[in-house]
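Participant: Positions annotated as transmembrane segment by TrEMBL: 12-40, 60-82, 89-111, 199-223. Residues annotated as disulfide bond in TrEMBL: Cys155-Cys185, Cys156-Cys173.
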Amino acid sequence: MGRRHWVRAAKCQLLVTSLFVTLLGLAVTILIIVTHYGAHFTVISEVSFEINPYRTFHNTVFYSGICLGMILVLAALLSAVATLRESECLTATGFFCFTIVFCALVQAAFWRYSNSTEVEDAMMDVYDFVYEEVRRNSSSIKKKELVCIHETFLCCGKKSPFGKTGGIENEMCSSELIGAAREDCLQEIQVFLRKHMDFVFMLVIITIIFMVYKMMLTSFLWFSIRFSNSLDRKGKYSLSER
């Protein structure tokens, strides 16, 4: 009776957590799409030069995040179906999917700490490149790119150590931007990206916690199903004809 009670409780927890994992998978997918097509990231990706790694980061995060979100939703559906049908095969498949997501998220969290400024440096290098190109020549294309960055990040050039605006700032920034921008563009890019990365990291930690809990529940259900099937077969024999 006690074992049946624990199995029933585990099934309820699995169904509830499957719903939350489905929502997490959708949240990850939406976040990745917003990040990929968001104005702040798109404007940097479009003006990124060939040797800069930002465009590679931009595309890698998009495709990896979409795959991760799909695996989360698939794993949650498999877990729910396996719980209702008490299927060993589906339960093992769901556990395998949760393990893949867990390993991927742990690796992403580790990369976040070991390479915390790599994406930030790549984005600021893109702005530096466009800024210097405008300063060296009067290319209309680069000027449009610089103005677009200013309008997207609501910033204006680079601050002079003497507190004065230079010729590029006076030419490439409107009076509204000069008055409203509290920081130069490098600082605005840094602040924006750090806030975004903090939000992403929080979502990653929440998902990792759910993955650990789901793996524990799924393994408990698998062993319960396995143990129950072994008990059902105990004492049953079949005689073969000679």
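Start at 1 and count along the chain as shown; that gives each residue its number.
Positions of Cβ are set from backbone N, Cα and C atoms, glycine also.
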Participant: List, by number or range, the same-chain residues at least 6 past the transmembrane segment (12-40) whose CB is under 8 A from its CB atoms?
Facilitator: 58, 61-62, 65-66, 68-73, 75-77, 79-80, 83-84, 152-153, 192, 196, 200, 203, 206-207, 210, 213-214, 217-218, 221
Participant: Any idea which of the disulfide-bonded residues Cys155, Cys156, Cys173, Cys185 has the thinnest Cβ neighbourhood at 10 Å?
Facilitator: Cys173
Participant: Using the alpha carbons only, what distance in Å do you get between Cys185 (disulfide bond) and Cys156 (disulfide bond) once rounded?
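Facilitator: That comes out at 6 Å between the alpha carbons.
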Participant: For the transmembrane segment (199-223), could you work out the same-chain residues 6 or more beyond its ends whose Cβ comes under 8 Å from its Cβ atoms?
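Facilitator: Long-range Cβ neighbours of the transmembrane segment (199-223): 6-7, 10-11, 13-14, 17-18, 20-21, 24, 27-28, 31, 35, 72, 75, 79, 82-83, 86, 88, 91-92, 94-95, 98-99, 101-102, 105-106, 108-109, 112.
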